[in-house]
Amino acid sequence: MPRTDDDSWEITESVGATALGVAAARAAETESENPLISDPFARVFLDAAGDGMWNWFAAPNLPAQIAEAEPDLKPRMQGMVDYMAARTAFFDNFFLAATRAGVRQVVILAAGLDSRAWRLPFEDGTTVYELDQPRVLEFKATTLAEYGARPTCHLVSVPVDLRHDWPAALRQAGFDAHAPSAWSAEGLLPFLPAAAQQLLFERVQTLAAPGSRIAVEAPGPDFLDEAARERQRQTMQRVRDLMADLEPDRDIPDVQDLWYFEEREDVGDWLGRHGWDVTVTPAPELMARYDRRPPHDIEDATPQTRFVAAQRTERTRPDR
């Protein structure tokens, strides 16, 4: 279903379902023979959510009819698991480095089913602020509480739509804009219109004191490539048609219906112009760094995103 300006969702629908797909990829990596990351809670979320297309990533085998009709699908799915593993490791290492350097405020924008507040060994005194839709955060908190999980930090949930006045909600939750902070925007930007992305970073700029850090998964140069989008859409349509015959009650959303394909400023360029020291790593380079490589003989097997890491150095104080 196409997006609307004020849409909201449960964890099993629309944008929420994509968080379950990512959790399934983390579960698959965690349960693999040589995992790059460990997320013991990913499987917990899947079990709580029940059956859905997100379980494909975590399942050892596809239905035989689909595997035979779409032989590229399984290596594509493994490529996405490898991509998500590298992405997760990138943000894990970013946050751990920031807190080891003395940063004690962590802000996770559109936290979804991110479980870092429960699984990373944060330094003592670290506060993690998780921002997302109220029903998404409620599902996560309830699921982990029933499982008996406890945060490894001081966790503050901030139930707010990022299209609304989230800076006010963050401040009211205790965030100190005059102390350094570490921010993440992981799997977020394509779900925002270009104007909303611009506003997001402008707001971060008002809240991030000198010494703050940010990590971003940013759309790559092929994000607006219509030919690539059409190839991906046709592949998924064939899978939907096959699935409709096998399991007519299982819905497979088209993630492209949830994204905003609009021209937008390069994230690294924007941060560089606003007083941040920036490092940009293309996705293939990041995957190779972690010894994860996309299938070489399948076009568009993994996202051609860019991973941006930056630290604010200029001395302008954040707005009061």
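Heads up, the Cβ atoms here are built off N, Cα and C, so glycines get one too.
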*Can you pick which of D132, D176 Swiss-Prot lists for the same S-adenosyl-L-methionine site as D161, L162?*
D132
*What count of other C-beta atoms do you get within 10 angstroms of the C-beta of D161 (S-adenosyl-L-methionine binding site), across all chains shown?*
16
*Taking the Cβ of D132 (S-adenosyl-L-methionine binding site) as the centre, how many other Cβ atoms fall within a 10 Å radius?*
27
*Cβ-centroid neighbours of S-adenosyl-L-methionine site D132, D161, L162, 8 Å, sequence order*: L109, A110, L131, Q133, V160, R163, H164, W166
*Counting only residues 6+ apart in the same chain, whose Cβ is under 8 Å from the Cβ of L162 (S-adenosyl-L-methionine binding site)?*
L109, A110, L131, D132, L188, L192, A196, L200
